[in-house]
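What TrEMBL records for this protein:
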BINDING   Gln253, Glu303, Asn353  S-adenosyl-L-methionine binding site
DOMAIN    275-338  domain 'Methyltransferase'
ACT_SITE  Cys381  active site, nucleophile
Amino acid sequence: KKKARESCSLPECSWEERLANAVTPLWRLPYQEQLQVKYESQRKILQTLSSRLEELGIDPQKPARLCCPLEPVVPSPIINGYRNKSTFSVNRGPDGNPKTVGLYVGTGRARNIVCVKANNMENIPSKHKQVAQCYEEFICCSPLDSCILFHEGGHWRELVVRTTSCGHTMAIVTFHPQELGQEALATQKALLKDFFTCGPGAVCALTSLYFQESTMTRCSHEQAPYQLLHGAPHIFEELLGLKFRISPDAFFQVNTAGAEVLYQAVGELCQATGDTVLLDICCGTGTIGLSLAHQVSKVIGVEVVEKAIEDAKWNAAFNGISNCEFHSGKAEAVLPQLLASWEDARPLVAVVNPSRAGLHYRVVRAIRNCRSIRRLLYISCKPEGEAMRNFLELCCPPDPRKKLTGEPFAPVLAIPFDMFPHTVHCELVLLFTR
């Protein structure tokens, strides 16, 4: 690790190496060493959790409440080119080209951002690199400027590429309209479509080409609709024998092969029986719930992205799965109402897979206060962040002032999954029981 960090500052270090060091800092290490580095980082996270629990006054003589066994990191079945989704920025490159399509080296705060092509990135598949290169070729020929800073004008912005093991490719181009009228916008969309369907970009063989007019850094389909310029509205992925429909902004685990391993393990950890009800919180397109539907009597999914819920319902129907129901809305609004009136006598197991922002406090409170939930699986891509707050809220003593009256949970097992080879990140599955 030290050698990798030092190499980043060497004067002879190329821009490609600097990018690899910034985005995939473990790329120089043999894969087994990468797994060991990740194991040590997850162990430190558990040590932090143990210390924080002890600060809350939980009896240190009860090891299960302070800490839990940490299993070895489960390796990714695919080590290189595993990403099924890549987001490319548009900015100035090392050569000064303001229409370089790639990934960032540097930070906005330090004002030293350089956009470097991702051609040598080991975690990005060749198809993504091909689409990014074609997009750069297109915008370099366009008379419109790239949009580097909103207030300085310009139009061409980021590119998202999604691919599946079925051979499908979706490209989503983000465009700042600035003061352009509808006629001018229509012209740009037509030019982009022609480039990727009958021009040089046709080599990418896109399944779907989307266009989003956005005046914000990030926005949802509701804020700025995704406009289909060419092809099918969805791409499809196969996972654990099921077929899943994916919309432009729907969440899907970035490493499909790794997701199969992860979901199989989640199914085993749930210890679900034929009469179990599975509560899938932050369910995305329903991948976890649908993959486990055959083990349980019923699946209830909750997801904030409306398009993802549409996909989840379609996925259930297409795969002939009839024991699932999906609710669209913020988990903090849907779940308390759902669980407050819960009177079902069947065992209830919860699986939560939130974003890096973690679960809203009202979601944790609803889980804590529902006596039927005795087993909880928390899947986190950043357990040292906001998820740590959730862990403490799940395990702390009851606090009537915070309306946290339910019996506390205890962590009993932690299993890291390497969903992101070459990076320092891991997907940690923490099993809580009470």
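All residue numbers here begin at 1 and follow the chain in the order shown.
Cβ atoms are placed via backbone N, Cα and C, with glycine included.
What you are looking at is a predicted structure, and each value in this text was computed from that prediction instead of being measured.
Every protein chain shown contributes to the tally, and the Cβ of the residue listed as 'active site, nucleophile' ends up with 19 other Cβ atoms within 10 Å. Across Gln253, Glu303, Asn353, which the record gives as binding S-adenosyl-L-methionine, the greatest C-alpha separation is 15 Å.
Taking the Cα atom of each, Glu303 (S-adenosyl-L-methionine binding site) and Cys381 (active site, nucleophile) are about 17 angstrom apart. Taken through DSSP, the domain 'Methyltransferase' (275-338) splits into 30 helix, 16 strand, 18 coil. If you take the Cα of Cys381 (active site, nucleophile) and the Cα of Asn353 (S-adenosyl-L-methionine binding site), they are about 9 angstrom apart, rounded to a whole number. Sequence-distant neighbours of Gln253 (S-adenosyl-L-methionine binding site) (same chain, 6+ residues apart, CB-CB distance under 8 A): Ala259, Leu262, Thr287, Met419. Using the Cβ center of Gln253, Glu303, Asn353 for S-adenosyl-L-methionine, the list of other same-chain residues with Cβ within 8 Å runs, in sequence order, Phe251, Phe252, Cys282, Cys283, Gly284, Thr285, Thr287, Ile288, Ile379. Under a cutoff of 8 A between CB atoms, and with a sequence separation of 6+ in the same chain, the neighbours of Asn353 (S-adenosyl-L-methionine binding site) are Asp280, Ile281, Cys282, Cys283, Gly284, Ile288, Ile379. As a whole-number mean, the pLDDT of the domain 'Methyltransferase' (275-338) in this prediction is 93.
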